[in-house]
Structures are given as structure tokens and as C-alpha cells.
Amino acid sequence: MTDSTYDVARVRTYLQGLQTRIADALGALDGTPLATDIWQRGPAERLRGGGCTRILEGGRVFERAGIGFSDVAGDALPPSASAARPQLAGRGFEALGVSLVLHPRNPYCPTVHMNVRMLIATKPGEAPIFWFGGGMDLTPVYGFEDDARHFHRTCKDALDPFGAELYPRFKKWCDEYFFLKHRNEMRGVGGIFFDDFSEPGFERSFEMMQSVGDAFLPAYLPIVERRAALPYGERERDFQAYRRGRYVEFNLVFDRGTLFGLQSGGRTESILMSMPPVANWRYNWQPEPGSPEARLYSDFIVPRDWV
């Protein structure tokens with residue numbers, strides 16, 4: 001875009017505060033504080049900068065919960081970031097964002113992912129180009145219509161002040177992005193996804209990103225509070241591990257954030273904290289017709305209008 005005026009310091013302050021707010025809320029819900037791992041890359045390394053990882057493993061509610069903040073810079077955008085905008089290939093960059101994935105212990109609690117980020121591409125003698133990206137999406141093992149509707153309504157409410165066209169646009173983008181092409185199935189019930197967003201200018205784009213970040217806790221926590229105490233057994237845990245396998249497949253094969261981190265020389269522990277602690281694969285497994293497991297495929301991981 002032509003307007004190159006932006007304020008990285010304000011974005012950084014917001015993102016660090018968002019990470020802290022979410023980590024505190026999850027720790028209070030679980031009863032276990034999230035550990036803090038602050039990391040830094042040296043000026044001579046391929047990727048410079050640092051960040052903070054907040055992590056919980058083996059909790060009462062969350063089997064694994066990871067929330068990462070990073071602010072890194074490099075000399076050339078990796079291919080995953082410039083594939084859709086080849087004119088940016090080879091530019092230097094700064095990328096800062098918060099990304100989280102939560103894997104609850106109870107199979108009736110859905111996995112969730114959220115990310116908000118800003119990227120700046122630079123080239124000597126030319127104005128910097130910035131954009132925002134992010135979104136959130138819900139991946140149930142056992143679907144509940146109330147949960148999907150609540151999650152989508154909260155996403156819509158976060159976007160509506162910035163234009164009624166944004167929710168349907170970002171919802172469709174999410175359905176198309178979180179799709180396992182080799183399985184011909186969606187990863188979950190979707191949510192919202194956006195990238196390369198800078199159309200309204202810095203201030204309005206930043207406000208929209210903040211609205212998405214601020215909507216995460218009200219979108220997700222009520223679902224966990226409804227489902228975390230539901231009884232479950234070995235059958236449900238087995239299906240949870242099987243569905244987590246799909247999560248692994250998507251993140252390692254398709255996810256642009258994972259590819260960006262690995263291609264740019266990012267911190268592997270932070271990049272792969274999105275992986276579930278336990279996952280499995282079964283050869284040519286099919287759910288029993290009419291079962292709750294079959295309903296996930298027929299009623300939930302298909303494109304639907306949830307609002």
C-alpha cells in the first residue's frame with residue numbers, strides 16, 4: 001500500500017499485553033500457572049530478535065497450552081510469506097505476533113488456534129510495506145452446535161464494527177485455508193482467517209487486529225467451562241488422538257505460519273509447540289454409521305453458516 005506510516009512499538013505493546021492476559025486467564029482456569037520461557041537470537045544469526053513462550057503441559061484442563069509472542073527480523077522474506085506477493089521476494093522483514101494452540105484434556109473440549117500478527121517488508125530506497133494477519137479457528141473432536149455458533153458469533157461481533165463484509169469474507173477464507181486437501185476434509189468448524197490486510201490504513205487495520213485478539217477469551221473460555229467436566233472414557237480419548245493426527249498433518253504440510261518459521265530459521269521449540277502431546281493414526285479407519293464420531297464428519301467439519 002502507499003501509506004507506509006505505522007507504529008511498531010504500539011503493536012508490540014499490545015501483543016505482549018494480549019499474551020499476558022490470555023496466559024493469566026488460562027492459568028486461572030486450569031489451576032496451574034503457565035511457565036515462561038524468554039528467548040533471544042543474536043545479531044549474527046539468520047533470524048534476529050526474540051520472544052516469550054508461555055507453556056503449560058500436563059494440566060488439569062489443558063494437556064498442552066502454548067502461547068507464543070515473537071518479534072523477529074530477517075534479511076529476506078521466506079517463500080511462504082512472498083508466494084502470494086512475488087514482488088516482495090527478497091525483501092528484508094520484521095514480523096511480530098502472538099500465536100496460540102490449546103489442546104484440552106477432555107475430548108469434549110475443542111482444540112483452538114488463534115494468531116494475530118504484523119509484518120513489515122523493507123527494501124533500501126523504497127517505502128516499507130506493512131500488513132496484518134490472523135484469525136482464530138475451532139477444532140472439535142465431538143461437535144456441539146451451541147459451541148460452534150457461539151464461537152462464530154463472537155468472531156462476527158469482533159469484525160462487524162469494521163465492515164459487515166469482513167466476517168463472511170474471513171469466514172470463507174478460514175474454511176478454505178484450514179482444509180486438508182489430501183483428506184478432502186476441513187480441519188474443524190472454522191472461524192475467521194485473514195492475511196495481507198492493510199486496506200483501511202494502519203490505525204483502522206490495527207484496531208481490527210486488536211478486536212480479533214480481544215475476542216479470543218470470550219469466544220473460547222465459555223466453551224471450555226461448559227465441556228471440561230463432562231465424563232469421558234477410553235473410546236473418546238482414542239478418537240481424540242486420532243483426530244489430533246489430522247492437526248499434525250495440517251500444521252506440518254500446509255500451515256503458512258509453521259512453514260514461515262521453519263523456512264526463516266525460527267525457533268523450533270516455539271514453532272512446534274502447536275503439536276498435540278499425543279496423536280495416532282489408523283489405517284483406513286471409518287466411524288460407525290450414526291455414531292457421535294460419524295456426526296463430526298457429517299454435521300461439523302463441512303462448510304456451514306453458523307450465525
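Residue 1 is the first one shown; counting continues down the chain.
Note that Cβ sites are derived from N, Cα and C of the backbone, with glycine treated the same way.
What Swiss-Prot lists as active site, proton donor is His113, and the listing cites sequence analysis. The Cβ of His113 (active site, proton donor) has 24 neighbouring Cβ atoms from other residues within 10 Å, across all protein chains displayed.
Look at Swiss-Prot and you will find Ser99, Asn115, Val116, Arg117, Gly265, Gly266, Arg267 tagged as substrate binding site. In the three-state DSSP scheme, Gly266 (substrate binding site) falls into the coil class.
Sequence annotations record features per position, and here Swiss-Prot assigns divalent metal cation binding site to His103, His113, His152, His182.
As annotated by Swiss-Prot, region 'Important for dimerization' applies to 247-282, with the evidence given as sequence analysis. Tertiary neighbourhood of the region 'Important for dimerization' (247-282): same-chain residues 37, 39, 41, 45-47, 51, 53, 55, 57, 63-64, 66, 68, 70, 72, 74, 78-81, 95, 99, 101, 103, 111, 113, 115, 139, 178, 180-183, 187, 195, 238, 241, selected by CB-CB distance under 8 Å and a gap of 6+ residues from either end.
Taken from Swiss-Prot, the feature site 'Important for dimerization' covers His182. Long-range Cβ neighbours of His182 (divalent metal cation binding site) (same chain, at least 6 residues apart, Cβ-Cβ under 8 Å): Glu249, Val253.
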Val116 (substrate binding site) to His152 (divalent metal cation binding site), Cα to Cα, whole Å, comes out at 17
Can you grab the distance from His113 (active site, proton donor) over to His103 (divalent metal cation binding site)? Cα atoms, rounded to a whole Å. 9
Model confidence over the region 'Important for dimerization' (247-282) (mean pLDDT, whole number): 88
For Arg267 (substrate binding site) and His152 (divalent metal cation binding site), the CA-to-CA distance in whole Å is 32
Could you list the residues of the same chain, at least six apart in sequence, whose Cβ is under 8 A from the Cβ of His152 (divalent metal cation binding site)? Lys171, Val189, Gly190, Gly191, Trp306, Val307
